[in-house]
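This report refers to the structure that appears directly beneath it.
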Amino acid sequence: MKSSTFGMLALAAAAKLVSAHTTVHAVWINDVDQGEGNSQSGYIRSPPSNSPITDVTSKDMTCNVNNKATAKTLEVKAGDKITFEWHHDSRSESDDIIASSHNGPILVYMAPTEKGTAGNGWVKIAEDGYTDGTWAVETLIKNRGKHSVTVPDVAAGEYLFRPEIIALHEGNREGGAQFYMECVQVKVTSSGSKTLPEGVSIPGAYTATDKGILFNIYDSFDSYPIPGPAVWDGASGSSSSSSSSASASAPAPTSAAPAPSSFTTIAKQPATSSSTEAPSTENTPSETTSTTSAIVSTTAVASTTAPATPSTTSAIASSAAPTNSVPQPSSNAGGAVKEWYQCGGLNYSGSTQCEEGLTCKKWNPYYHQCVSA
(Lines of atoms letter the chains of each structure in order from A; the text may use other names.)
(Lines give C-alpha, C1' and ligand atoms only; values in the text may rest on other atoms or scores of the structure.)
Protein backbone atom coordinates (compact mmCIF):
# COMPACT_ATOMS: atom_id res chain seq x y z
CA MET A 1 0.00 0.00 0.00
CA LYS A 2 2.76 2.42 0.92
CA SER A 3 4.63 1.58 -2.27
CA SER A 4 1.50 2.18 -4.34
CA THR A 5 0.80 5.49 -2.60
CA PHE A 6 4.38 6.64 -3.09
CA GLY A 7 4.24 5.72 -6.76
CA MET A 8 1.10 7.77 -7.32
CA LEU A 9 2.55 10.77 -5.50
CA ALA A 10 5.77 10.49 -7.49
CA LEU A 11 3.80 10.34 -10.72
CA ALA A 12 1.82 13.43 -9.80
CA ALA A 13 4.95 15.37 -8.85
CA ALA A 14 6.93 14.30 -11.89
CA ALA A 15 4.10 15.00 -14.30
CA LYS A 16 4.09 18.66 -13.29
CA LEU A 17 7.66 18.95 -14.52
CA VAL A 18 7.08 17.35 -17.87
CA SER A 19 7.01 19.72 -20.84
CA ALA A 20 4.50 17.52 -22.64
CA HIS A 21 1.91 20.24 -22.95
CA THR A 22 0.26 21.92 -25.94
CA THR A 23 -1.17 25.13 -27.43
CA VAL A 24 -3.00 26.17 -30.60
CA HIS A 25 -0.40 27.37 -33.11
CA ALA A 26 -2.49 28.01 -36.21
CA VAL A 27 -5.93 27.95 -37.81
CA TRP A 28 -7.14 26.81 -41.24
CA ILE A 29 -10.28 28.16 -42.92
CA ASN A 30 -11.85 25.87 -45.52
CA ASP A 31 -8.52 23.99 -45.59
CA VAL A 32 -6.48 27.15 -46.25
CA ASP A 33 -3.63 27.67 -43.78
CA GLN A 34 -3.88 31.10 -42.12
CA GLY A 35 -0.27 30.98 -40.97
CA GLU A 36 1.22 30.97 -37.50
CA GLY A 37 -1.17 32.86 -35.25
CA ASN A 38 0.16 32.48 -31.71
CA SER A 39 1.83 35.85 -31.18
CA GLN A 40 0.82 39.42 -30.37
CA SER A 41 0.91 40.15 -34.10
CA GLY A 42 -1.27 37.12 -34.82
CA TYR A 43 -4.92 36.18 -34.28
CA ILE A 44 -4.68 33.82 -31.26
CA ARG A 45 -4.63 35.07 -27.67
CA SER A 46 -1.69 32.83 -26.80
CA PRO A 47 -0.10 32.36 -23.37
CA PRO A 48 3.68 32.76 -22.89
CA SER A 49 4.08 29.00 -22.34
CA ASN A 50 2.22 25.77 -23.02
CA SER A 51 1.47 25.06 -19.36
CA PRO A 52 -2.09 24.06 -18.40
CA ILE A 53 -4.68 25.69 -16.16
CA THR A 54 -5.70 23.42 -13.25
CA ASP A 55 -7.95 25.69 -11.15
CA VAL A 56 -11.42 25.65 -12.71
CA THR A 57 -12.38 28.76 -10.73
CA SER A 58 -9.51 30.86 -12.12
CA LYS A 59 -10.22 33.72 -14.53
CA ASP A 60 -7.47 32.18 -16.67
CA MET A 61 -9.99 29.48 -17.65
CA THR A 62 -11.56 32.01 -20.04
CA CYS A 63 -8.78 32.41 -22.62
CA ASN A 64 -5.71 31.21 -20.68
CA VAL A 65 -3.30 33.66 -19.00
CA ASN A 66 -3.06 36.13 -21.90
CA ASN A 67 -6.67 37.20 -22.46
CA LYS A 68 -5.78 40.32 -24.44
CA ALA A 69 -6.72 41.33 -27.98
CA THR A 70 -4.09 40.62 -30.63
CA ALA A 71 -3.46 42.44 -33.92
CA LYS A 72 -5.43 40.29 -36.35
CA THR A 73 -8.90 38.84 -36.74
CA LEU A 74 -9.82 36.02 -39.12
CA GLU A 75 -12.85 36.55 -41.37
CA VAL A 76 -15.36 33.74 -42.00
CA LYS A 77 -18.92 33.14 -43.16
CA ALA A 78 -21.63 30.79 -41.91
CA GLY A 79 -20.89 27.26 -43.10
CA ASP A 80 -17.12 27.79 -43.31
CA LYS A 81 -14.91 25.15 -41.75
CA ILE A 82 -12.48 26.31 -39.05
CA THR A 83 -9.66 23.90 -38.23
CA PHE A 84 -7.57 24.37 -35.10
CA GLU A 85 -3.96 23.13 -35.17
CA TRP A 86 -2.38 22.18 -31.82
CA HIS A 87 1.31 21.56 -31.14
CA HIS A 88 3.63 20.76 -28.26
CA ASP A 89 6.60 22.81 -29.49
CA SER A 90 6.28 23.84 -33.13
CA ARG A 91 4.55 23.14 -36.44
CA SER A 92 7.39 20.86 -37.55
CA GLU A 93 6.60 17.36 -38.81
CA SER A 94 8.50 15.88 -35.85
CA ASP A 95 6.38 17.63 -33.22
CA ASP A 96 4.50 15.21 -30.95
CA ILE A 97 1.38 17.45 -30.57
CA ILE A 98 0.78 16.47 -26.92
CA ALA A 99 1.97 13.59 -24.73
CA SER A 100 0.08 10.43 -25.64
CA SER A 101 -0.63 9.92 -21.93
CA HIS A 102 -2.69 13.14 -21.81
CA ASN A 103 -5.95 11.49 -22.84
CA GLY A 104 -9.25 13.31 -22.51
CA PRO A 105 -11.97 15.18 -24.39
CA ILE A 106 -11.76 18.08 -26.84
CA LEU A 107 -14.39 20.82 -26.82
CA VAL A 108 -15.01 24.05 -28.74
CA TYR A 109 -16.92 27.09 -27.45
CA MET A 110 -17.73 30.43 -29.08
CA ALA A 111 -18.91 33.78 -27.70
CA PRO A 112 -19.29 37.38 -28.85
CA THR A 113 -15.87 38.97 -28.36
CA GLU A 114 -16.82 41.54 -25.72
CA LYS A 115 -18.86 39.10 -23.61
CA GLY A 116 -16.41 36.25 -24.09
CA THR A 117 -13.43 38.34 -23.02
CA ALA A 118 -15.28 39.04 -19.77
CA GLY A 119 -15.92 35.32 -19.27
CA ASN A 120 -19.58 35.31 -20.29
CA GLY A 121 -21.76 34.14 -23.17
CA TRP A 122 -19.84 30.95 -23.99
CA VAL A 123 -21.77 28.46 -26.15
CA LYS A 124 -20.45 24.96 -26.78
CA ILE A 125 -20.56 24.19 -30.51
CA ALA A 126 -18.56 20.94 -30.65
CA GLU A 127 -17.21 18.16 -28.45
CA ASP A 128 -15.57 14.76 -28.67
CA GLY A 129 -14.89 12.51 -25.70
CA TYR A 130 -14.43 8.74 -25.59
CA THR A 131 -15.95 6.75 -28.43
CA ASP A 132 -15.44 3.06 -29.29
CA GLY A 133 -12.41 2.85 -27.00
CA THR A 134 -10.69 5.93 -28.45
CA TRP A 135 -10.12 9.26 -26.71
CA ALA A 136 -10.48 12.54 -28.61
CA VAL A 137 -6.83 13.34 -27.83
CA GLU A 138 -5.75 10.07 -29.48
CA THR A 139 -7.65 11.10 -32.61
CA LEU A 140 -6.08 14.57 -32.44
CA ILE A 141 -2.57 13.08 -32.36
CA LYS A 142 -3.36 10.82 -35.33
CA ASN A 143 -4.66 13.87 -37.20
CA ARG A 144 -1.42 15.78 -36.55
CA GLY A 145 -3.03 18.17 -34.07
CA LYS A 146 -6.06 19.19 -36.16
CA HIS A 147 -9.78 19.20 -35.42
CA SER A 148 -12.55 21.22 -37.06
CA VAL A 149 -15.88 22.94 -36.48
CA THR A 150 -18.43 24.60 -38.75
CA VAL A 151 -19.25 28.29 -38.32
CA PRO A 152 -22.91 28.49 -37.21
CA ASP A 153 -25.45 30.71 -38.98
CA VAL A 154 -25.14 33.56 -36.46
CA ALA A 155 -25.37 37.32 -36.80
CA ALA A 156 -22.44 39.20 -38.31
CA GLY A 157 -19.91 40.45 -35.81
CA GLU A 158 -16.74 39.64 -33.92
CA TYR A 159 -16.49 36.43 -31.93
CA LEU A 160 -13.99 34.38 -29.97
CA PHE A 161 -13.64 30.68 -30.72
CA ARG A 162 -12.26 28.73 -27.75
CA PRO A 163 -10.90 25.21 -28.48
CA GLU A 164 -10.15 23.26 -25.29
CA ILE A 165 -8.42 20.02 -24.31
CA ILE A 166 -9.00 18.47 -20.88
CA ALA A 167 -6.10 16.11 -20.10
CA LEU A 168 -7.13 13.48 -17.54
CA HIS A 169 -3.87 11.61 -16.87
CA GLU A 170 -4.05 12.98 -13.31
CA GLY A 171 -7.83 13.23 -13.25
CA ASN A 172 -8.09 10.61 -10.53
CA ARG A 173 -7.57 13.35 -7.91
CA GLU A 174 -9.38 16.63 -7.36
CA GLY A 175 -7.51 19.43 -9.09
CA GLY A 176 -5.50 17.01 -11.22
CA ALA A 177 -7.23 17.57 -14.57
CA GLN A 178 -5.27 19.85 -16.92
CA PHE A 179 -7.06 22.40 -19.13
CA TYR A 180 -5.50 23.71 -22.34
CA MET A 181 -7.29 26.48 -24.23
CA GLU A 182 -6.77 29.62 -26.28
CA CYS A 183 -9.16 32.14 -27.82
CA VAL A 184 -9.07 32.71 -31.58
CA GLN A 185 -10.31 36.10 -32.85
CA VAL A 186 -12.88 35.68 -35.63
CA LYS A 187 -15.17 38.06 -37.52
CA VAL A 188 -18.33 36.57 -39.06
CA THR A 189 -19.12 38.55 -42.21
CA SER A 190 -22.37 36.80 -43.20
CA SER A 191 -25.69 37.93 -41.71
CA GLY A 192 -27.07 34.86 -39.99
CA SER A 193 -30.67 34.22 -38.99
CA LYS A 194 -29.99 32.47 -35.68
CA THR A 195 -29.58 34.09 -32.28
CA LEU A 196 -26.64 32.76 -30.31
CA PRO A 197 -27.90 31.43 -26.95
CA GLU A 198 -27.05 33.24 -23.72
CA GLY A 199 -24.37 30.64 -23.01
CA VAL A 200 -22.45 29.90 -19.83
CA SER A 201 -19.73 31.63 -17.84
CA ILE A 202 -16.13 30.45 -17.99
CA PRO A 203 -15.02 30.15 -15.25
CA GLY A 204 -18.27 28.82 -13.88
CA ALA A 205 -19.18 26.08 -16.35
CA TYR A 206 -17.09 23.46 -14.53
CA THR A 207 -16.40 22.34 -10.97
CA ALA A 208 -13.39 20.32 -9.82
CA THR A 209 -15.68 17.41 -8.91
CA ASP A 210 -17.68 17.19 -12.14
CA LYS A 211 -17.90 13.56 -13.26
CA GLY A 212 -15.98 14.27 -16.44
CA ILE A 213 -13.23 16.22 -14.64
CA LEU A 214 -12.65 14.09 -11.52
CA PHE A 215 -12.31 10.94 -13.62
CA ASN A 216 -9.84 8.04 -13.37
CA ILE A 217 -8.88 6.96 -16.88
CA TYR A 218 -6.95 4.00 -15.46
CA ASP A 219 -10.12 2.38 -14.07
CA SER A 220 -12.37 0.15 -16.13
CA PHE A 221 -15.14 2.12 -17.87
CA ASP A 222 -17.32 1.94 -20.97
CA SER A 223 -18.38 5.57 -21.34
CA TYR A 224 -17.25 9.04 -20.36
CA PRO A 225 -19.44 12.05 -19.39
CA ILE A 226 -18.14 15.16 -21.18
CA PRO A 227 -18.35 18.10 -18.75
CA GLY A 228 -20.00 21.44 -19.38
CA PRO A 229 -23.21 22.44 -21.20
CA ALA A 230 -24.78 20.49 -24.04
CA VAL A 231 -23.68 21.24 -27.60
CA TRP A 232 -25.87 23.96 -29.12
CA ASP A 233 -28.34 22.52 -31.63
CA GLY A 234 -28.08 25.53 -33.93
CA ALA A 235 -31.54 26.92 -33.18
CA SER A 236 -32.19 30.28 -31.54
CA GLY A 237 -32.67 29.97 -27.80
CA SER A 238 -31.02 29.33 -24.45
CA SER A 239 -27.96 27.17 -23.87
CA SER A 240 -28.52 24.14 -21.64
CA SER A 241 -26.39 23.67 -18.55
CA SER A 242 -26.74 19.89 -18.48
CA SER A 243 -23.74 17.66 -19.05
CA SER A 244 -23.21 16.25 -22.53
CA SER A 245 -22.85 12.66 -23.61
CA ALA A 246 -19.63 11.08 -24.85
CA SER A 247 -20.12 12.38 -28.38
CA ALA A 248 -22.54 14.79 -30.01
CA SER A 249 -24.42 14.94 -33.27
CA ALA A 250 -26.85 17.85 -33.49
CA PRO A 251 -28.73 19.54 -36.33
CA ALA A 252 -26.70 22.21 -38.04
CA PRO A 253 -27.92 25.78 -38.42
CA THR A 254 -29.34 26.69 -41.81
CA SER A 255 -26.84 28.54 -43.95
CA ALA A 256 -26.11 29.32 -47.54
CA ALA A 257 -22.99 27.18 -47.38
CA PRO A 258 -23.56 24.20 -45.05
CA ALA A 259 -20.49 22.16 -44.20
CA PRO A 260 -19.78 19.37 -41.72
CA SER A 261 -17.66 19.94 -38.65
CA SER A 262 -15.31 17.04 -38.09
CA PHE A 263 -12.10 16.10 -36.35
CA THR A 264 -10.06 15.43 -39.45
CA THR A 265 -6.60 15.57 -40.98
CA ILE A 266 -6.02 18.48 -43.35
CA ALA A 267 -3.62 18.43 -46.29
CA LYS A 268 -0.95 21.10 -45.88
CA GLN A 269 -1.40 24.11 -48.15
CA PRO A 270 0.42 27.45 -48.10
CA ALA A 271 -1.26 30.53 -46.67
CA THR A 272 -2.57 32.27 -49.78
CA SER A 273 -5.68 33.98 -48.41
CA SER A 274 -6.47 37.61 -49.21
CA SER A 275 -6.10 40.24 -46.51
CA THR A 276 -7.50 43.63 -45.62
CA GLU A 277 -6.42 46.44 -43.34
CA ALA A 278 -8.33 46.58 -40.06
CA PRO A 279 -7.14 48.25 -36.86
CA SER A 280 -7.45 46.27 -33.63
CA THR A 281 -8.34 47.68 -30.21
CA GLU A 282 -8.23 46.19 -26.74
CA ASN A 283 -12.02 46.25 -26.44
CA THR A 284 -12.90 44.91 -29.86
CA PRO A 285 -12.10 42.19 -30.69
CA SER A 286 -10.12 20.64 -48.83
CA GLU A 287 -9.95 17.97 -47.83
CA THR A 288 -13.52 17.28 -49.04
CA THR A 289 -15.98 15.64 -46.65
CA SER A 290 -19.54 14.70 -47.43
CA THR A 291 -22.19 17.28 -46.56
CA THR A 292 -24.13 16.40 -43.40
CA SER A 293 -26.64 18.13 -41.16
CA ALA A 294 -24.52 17.99 -38.03
CA ILE A 295 -22.72 20.63 -36.00
CA VAL A 296 -20.08 18.11 -34.97
CA SER A 297 -18.92 14.77 -36.27
CA THR A 298 -16.06 13.04 -34.52
CA THR A 299 -15.19 10.44 -37.12
CA ALA A 300 -11.52 10.55 -38.05
CA VAL A 301 -10.64 10.30 -41.73
CA ALA A 302 -7.43 9.29 -43.40
CA SER A 303 -5.01 12.05 -44.28
CA THR A 304 -4.70 13.10 -47.88
CA THR A 305 -1.54 13.54 -49.88
CA ALA A 306 -2.99 16.00 -52.36
CA PRO A 307 -3.51 19.69 -51.58
CA ALA A 308 -7.08 20.52 -50.65
CA THR A 309 -9.14 22.88 -52.74
CA PRO A 310 -10.75 25.54 -50.56
CA SER A 311 -14.39 26.32 -51.23
CA THR A 312 -13.92 29.98 -50.35
CA THR A 313 -11.07 32.36 -49.79
CA SER A 314 -10.84 33.63 -46.24
CA ALA A 315 -9.36 36.91 -45.12
CA ILE A 316 -7.23 38.07 -42.23
CA ALA A 317 -7.76 41.60 -40.95
CA SER A 318 -4.14 42.59 -41.56
CA SER A 319 -1.70 42.63 -44.42
CA ALA A 320 1.27 41.16 -42.62
CA ALA A 321 1.81 37.45 -42.04
CA PRO A 322 1.99 36.62 -38.32
CA THR A 323 5.28 35.67 -36.80
CA ASN A 324 5.67 33.58 -33.69
CA SER A 325 7.31 35.33 -30.77
CA VAL A 326 5.81 33.14 -28.06
CA PRO A 327 8.54 31.35 -26.07
CA GLN A 328 8.39 27.61 -26.57
CA PRO A 329 10.11 24.79 -24.67
CA SER A 330 12.83 22.83 -26.40
CA SER A 331 11.76 19.75 -28.32
CA ASN A 332 12.78 16.16 -27.72
CA ALA A 333 11.50 14.92 -31.05
CA GLY A 334 14.68 13.18 -32.19
CA GLY A 335 17.56 11.29 -30.61
CA ALA A 336 17.92 10.72 -26.90
CA VAL A 337 15.04 11.89 -24.72
CA LYS A 338 15.75 14.66 -22.19
CA GLU A 339 15.04 14.53 -18.46
CA TRP A 340 11.32 14.69 -17.52
CA TYR A 341 10.20 13.97 -21.11
CA GLN A 342 8.09 10.96 -22.07
CA CYS A 343 9.99 7.89 -23.28
CA GLY A 344 7.34 5.19 -23.52
CA GLY A 345 3.82 3.96 -22.79
CA LEU A 346 0.77 2.74 -24.67
CA ASN A 347 0.31 4.53 -28.02
CA TYR A 348 3.65 6.35 -27.60
CA SER A 349 5.66 6.41 -30.84
CA GLY A 350 8.66 8.58 -29.98
CA SER A 351 12.20 7.75 -28.90
CA THR A 352 12.60 5.37 -25.95
CA GLN A 353 16.30 6.09 -25.38
CA CYS A 354 17.00 8.55 -22.54
CA GLU A 355 20.02 10.85 -22.38
CA GLU A 356 23.12 9.59 -20.59
CA GLY A 357 22.62 9.37 -16.84
CA LEU A 358 18.84 8.97 -17.16
CA THR A 359 16.60 5.93 -17.11
CA CYS A 360 13.16 5.41 -18.62
CA LYS A 361 10.86 5.03 -15.59
CA LYS A 362 7.49 3.29 -16.04
CA TRP A 363 4.87 5.13 -13.97
CA ASN A 364 1.89 3.32 -15.42
CA PRO A 365 1.01 1.51 -18.69
CA TYR A 366 0.36 4.85 -20.38
CA TYR A 367 3.31 6.89 -19.23
CA HIS A 368 7.08 6.25 -19.03
CA GLN A 369 9.42 9.12 -18.23
CA CYS A 370 13.16 9.89 -18.34
CA VAL A 371 14.40 10.48 -14.78
CA SER A 372 17.76 10.40 -13.01
CA ALA A 373 19.15 6.88 -12.84
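The backbone N, Cα and C atoms fix where each Cβ goes, and this holds for glycine too.
Model, not experiment: these values are computed from the prediction.
As annotated by Swiss-Prot, signal peptide applies to 1-20, with the evidence given as sequence analysis. Per Swiss-Prot, Cu(2+) binding site is recorded for His21, His102, Tyr180, and the stated evidence type is similarity to another entry. The annotation region 'Disordered' is assigned in Swiss-Prot to 36-55, 234-333. If you look up Swiss-Prot, you'll see Cys63-Cys183 marked as disulfide bond, on the strength of similarity to another entry. The O2 binding site feature in Swiss-Prot is assigned to His169, Gln178. According to Swiss-Prot, the feature compositional bias 'Low complexity' maps to 235-262, 270-323. Marked as compositional bias 'Polar residues' by Swiss-Prot: 324-333. Here Swiss-Prot flags 335-371 as domain 'CBM1', drawing on sequence analysis. Marked as N-linked glycosylation site by Swiss-Prot: Asn347.
Features as recorded by Swiss-Prot, highlighted on the structure.
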residue : record              : contacts (Cβ under 8 Å, 6+ apart)
His21   : Cu(2+) binding site : Ser49, Asn50, Ser51, Pro52, His88, Ile98, Ala99, Gln178, Tyr180
Cys63   : disulfide bond      : Arg45, Gly116, Thr117, Leu160, Arg162, Met181, Glu182, Cys183
His102  : Cu(2+) binding site : Ala20, Thr22, Val137, Ile165, Ala167, Leu168, His169, Gln178
Listed in sequence order, residues not in His21, His102, Tyr180 with Cβ within 8 Å of the centre of the Cu(2+) site Cβ atoms: Ala20, Thr22, Asn50, Pro52, Ile98, Ala99, Ile165, Ala167, Gln178
Asn347 (N-linked glycosylation site) CB neighbourhood, other CB atoms within 10 A: 14
Segment confidence, the domain 'CBM1' (335-371), expressed as mean pLDDT: 81
Cβ atoms near His169 (O2 binding site) (within 10 Å, other residues, all chains): 27
Those recorded positions listed as Tyr180, Cys183, and which of them has the most Cβ atoms within 10 Å of its own Cβ: Cys183
Helix, strand and coil residues within the region 'Disordered' (36-55) as assigned by DSSP: 0 helix, 4 strand, 16 coil
